[in-house]
2 protein chains.
Amino acid sequence: MTDIQRLSTSDSDFDTRLDGLLAWESVSDDRVQQIVAEIIREVRARGDAALLDYTARFDRWTPATPADLELPRARLEQAWNTIPAEQRQALEAAAERIRAYAEHQKLAGWSYRDPDGTLLGQQVTPLDRAGLYVPGGKAAYPSSVLMNAIPAKVAGVAELIMVVPTPDGELNELVLAAAHVAGVDRAFAVGGAQAVAALAYGTETIPGVDKIVGPGNIYVATAKRAVFGQVGIDMVAGPSEILVICDGGTDPDWIAMDLFSQAEHDEDAQSILVSWDAGFLDRVAASIDRLLPTMERAPIIEAALRARGALILARDLDDAIAVANHIAPEHLELSVADPESIVGRIRHAGAIFMGRYTAEALGDYCAGPNHVLPTSRTARFSSPLGVYDFQKRSSLIMASAEGSARLARTASVLARGEGLTAHARSAEYRGDVEA
Amino acid sequence: MTDIQRLSTSDSDFDTRLDGLLAWESVSDDRVQQIVAEIIREVRARGDAALLDYTARFDRWTPATPADLELPRARLEQAWNTIPAEQRQALEAAAERIRAYAEHQKLAGWSYRDPDGTLLGQQVTPLDRAGLYVPGGKAAYPSSVLMNAIPAKVAGVAELIMVVPTPDGELNELVLAAAHVAGVDRAFAVGGAQAVAALAYGTETIPGVDKIVGPGNIYVATAKRAVFGQVGIDMVAGPSEILVICDGGTDPDWIAMDLFSQAEHDEDAQSILVSWDAGFLDRVAASIDRLLPTMERAPIIEAALRARGALILARDLDDAIAVANHIAPEHLELSVADPESIVGRIRHAGAIFMGRYTAEALGDYCAGPNHVLPTSRTARFSSPLGVYDFQKRSSLIMASAEGSARLARTASVLARGEGLTAHARSAEYRGDVEA
């Protein structure tokens with residue numbers, strides 16, 4: 001029998017056990033910190049020369065010249081043209097839906113005028129240049145390229161630079177094809193902390209960017225944290241998680257497979273089901289037992305379910321919603337008869353999959369919304385990656401003569417209250433026009 | 001003569017000299033890092049007891065019990081009732097304008113349906129609880145309380161917790177009054193890294209929050225960086241800066257005072273003027289020389305202008321705009337005849353003050369837009385503090401039976417391309433309804 005924890009919200013130690021399951025601290029040890037700091041120093045100091053050295057050392061191939069690090073657009077197009085038609089169509093269909101959804105997210109500027117003619121508003125502009133980190137090797141996900149690149153292009157980012165390591169010189173054709181269809185402007189075969197440093201500070205060959213997004217290993221994550229401030233970064237993600245709330249009316253095999261789809265990512269992934277139907281929890285447990293041996297990634301799924309999975313018995317729907325709001329899950333399935341009647345009571349979740357037909361996997365690839373989502377309870381204060389992450393706002397103020405006189409009186413009192421007399425006098429000069 | 005650098009964009013070494021002036025790296029040394037890490041560990045382990053110890057040590061007063069750390073709402077109201085009427089009116093006027101502007105920033109949810117009935121959208125929710133750090137002592141700014149607190153309340157944050165150190169037990173009445181009018185829910189007389197740790201992890205007395213905003217010294221900034229992930233944080237601010245673009249038609253005394261108003265913050269503050277009218281730069285230099293001796297904070301202003309100030313001669317308006325876009329200033333004054341015709345060409349700035357009447361100081365206190373703005377060129381990728389910083393989004397997906405069948409085909413191909421077969425099967429189950 002599969003070893004997945006069974007909890008009940010009525011247990012006296014429920015809160016403690018749940019928090020124990022959720023606990024996750026992403027700390028880079030000192031060794032990683034030091035290696036990353038050294039790599040960043042080297043890339044800042046020696047530019048391309050350092051990139052070539054690290055590529056030889058970590059990826060085990062040696063570009064003849066720095067220019068050889070670039071994957072020309074023709075190479076991306078070639079990948080696009082040579083992958084199987086079925087995959088090309090799937091990438092195209094996904095890209096189209098991701099783009100359509102992203103268009104709805106675009107921020108627009110606005111302004112209004114006070115009765116005295118003073119204008120107030122907000123101007124919205126895209127980032128000039130964004131960098132997209134794409135992992136190489138076995139965790140190379142073309143869907144990730146689409147999800148990170150398309151919002152940037154919809155935002156109007158003028159230049160989108162992709163970096164992807166090519167261990168032993170090996171390229172992933174699906175990743176290159178995804179970069180092509182997503183509109184990546186330039187791509188470089190470099191990875192690790194050295195790629196992050198190059199994007200943050202620029203080298204002779206790789207242009208510096210304004211923000212770096214995309215997943216990576218602990219070295220990449222540590223480097224992103226280190227260059228934050230010099231450039232923007234997206235969130236530093238923890239393990240992926242799903243919480244399913246089910247009323248007992250969904251096929252238990254479907255729910256088991258949804259839990260598996262999260263657990264198959266890696267051993268730290270988290271799959272939790274909450275229901276107030278005890279019999280249903282038993283049926284899902286039986287489905288897990290029956291289906292697990294048929295899964296290609298069974299050992300990973302089993303390890304994840306054992307370490308961080310749970311089937312939770314709630315008292316009722318309200319109780320289940322309270323659990324969801326405490327967990328603030330990255331992915332939340334509302335596998336219930338009438339999800340629209342309860343979605344408004346969900347206060348914290350990265351993405352909400354409503355109804356029995358909406359498998360999380362649909363959202364991972366092609367429903368439209370982004371699959372880059374806040375993990376580890378950070379949905380309490382953060383949002384899915386979106387077009388808005390590639391736009392920023394500037395406040396606009398244009399005081400009329402009358403307005404500046406009025407504002408100057410208030411500003412002067414407050415500035416003098418703070419002991420900032422240059423502020424006060426600067427305001428008062430404008431106030432005098434009316435005096 | 002005041003020692004402020006004169007540059008020209010035609011100088012062969014202009015780019016280097018400008019970047020030298022702009023250079024700023026906010027590094028906390030290892031000693032600060034270690035002290036902060038120790039404080040966070042102690043507060044997590046010992047809660048209130050650690051807070052009392054640190055308050056005795058750093059603020060030199062000893063609360064009798066942890067409950068004495070709280071400043072009751074009646075105490076805030078008392079401050080409000082006892083400050084001079086002129087200040088009360090100014091705080092009220094500023095709060096009203098900040099609130100009115102913030103209302104325009106509120107994000108709203110949206111959704112749309114595919115022809116097959118699949119619903120896609122975004123739900124917007126406020127943070128449950130936010131923490132506001134307010135510095136104590138001489139840098140205690142009531143305007144900062146308004147600017148940080150009001151957007152949180154407009155967003156709908158249920159509980160806003162303020163922390164403010166009271167060195168030697170001393171309270172700033174204007175800060176307490178500002179907290180009252182801004183709607184702060186609870187306030188605690190605790191500061192430093194220990195206050196940040198308490199807000200991030202909670203103690204017996206201080207509730208843990210979801211996001212911490214507000215300025216502070218290097219210990220506070222280092223602590224905020226350290227707890228990022230556990231909670232959200234606003235940006236870690238560098239020194240304040242202003243860039244003024246002037247066509248030569250504004251009173252040079254006004255411009256000199258605008259440069260002073262930034263420089264008076266501290267010796268690291270940055271004030272730069274760009275104009276294509278060489279004679280005007282001379283007139284502003286003369287105003288600086290004449291007005292500086294009349295300023296209360298002349299030594300700070302002079303030190304800041306000498307270290308990081310500049311008067312820059314540009315070739316023309318286009319050239320001046322290029323300089324602004326390179327600098328990506330926190331504050332940008334467009335002190336020109338027709339600012340509306342050029343504001344759309346400003347790609348990066350925290351706040352834009354348009355026209356001769358719009359002194360930056362008006363925006364610092366009461367124009368409406370926030371005075372918490374991206375510094376140190378981070379306007380390239382970030383925005384003013386706003387209501388949106390206290391809201392977050394959840395993606396919504398509700399697939400119809402027909403929609404899920406269609407999406408499942410695409411998801412299945414991509415999932416199998418990535419080797420994630422549980423994803424594929426989870427999608428395929430839903431696809432079968434149509435097959």
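Heads up, the Cβ atoms here are built off N, Cα and C, so glycines get one too.
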Of the candidates B:Asp319, B:Asp338, B:Asp364, which does TrEMBL annotate as part of the Zn(2+) site that also includes B:Gln262, B:His265, B:His423?
B:Asp364
Starting from the substrate binding annotation in TrEMBL that includes B:Gln262, B:His265, B:His331, B:Asp364, B:Glu418, B:His423, which of B:Ser240, B:Ser287, B:Ser395 is the extra site residue?
B:Ser240
Binding-site residues among B:Tyr133, B:Glu418, B:His423 whose Cβ lies under 8 Å from any chain A Cβ:
B:Glu418, B:His423
Chain-mates of B:Tyr133, B:Gln194, B:Asn217 with C-beta within 8 Å of site centroid, NAD(+):
B:Pro135, B:Val163, B:Pro165, B:Gly191, B:Gly192, B:Ala193, B:Ala195, B:Val196, B:Gly216, B:Tyr219, B:Val220, B:Ala223
Just to confirm: which same-chain residues, 6+ apart in sequence, have a Cβ under 8 Å from the Cβ of B:His423 (substrate binding site)?
B:Ala411, B:Ala415
Indicate the candidate from B:Glu330, B:Glu418 with the smallest number of other Cβ atoms within 10 Å of its Cβ, considering only these recorded positions.
B:Glu418
To which of the binding-site residues B:Gln194, B:Asn217 does the lowest count of other Cβ atoms within 10 Å belong?
B:Asn217
Can you check which residue among the binding-site residues B:His265, B:His331 has the largest number of Cβ atoms within 10 Å of its own?
B:His331
Pairwise CA distance, B:Ser240 (substrate binding site) versus B:Glu330 (active site, proton acceptor), rounded so that it is a whole Å:
7
By the DSSP assignment reduced to helix, strand and coil, which category contains B:His331 (substrate binding site)?
strand
Measuring CA to CA, name the entry from the recorded positions B:Tyr133, B:Gln194, B:Asn217, B:Glu330 that ends up nearest B:Gln262 (substrate binding site).
B:Glu330
Taking only the recorded positions B:His265, B:Glu330, B:His331, B:Asp364, B:Glu418, which one has a CA atom nearest to the CA atom of B:Asn217 (NAD(+) binding site)?
B:His265
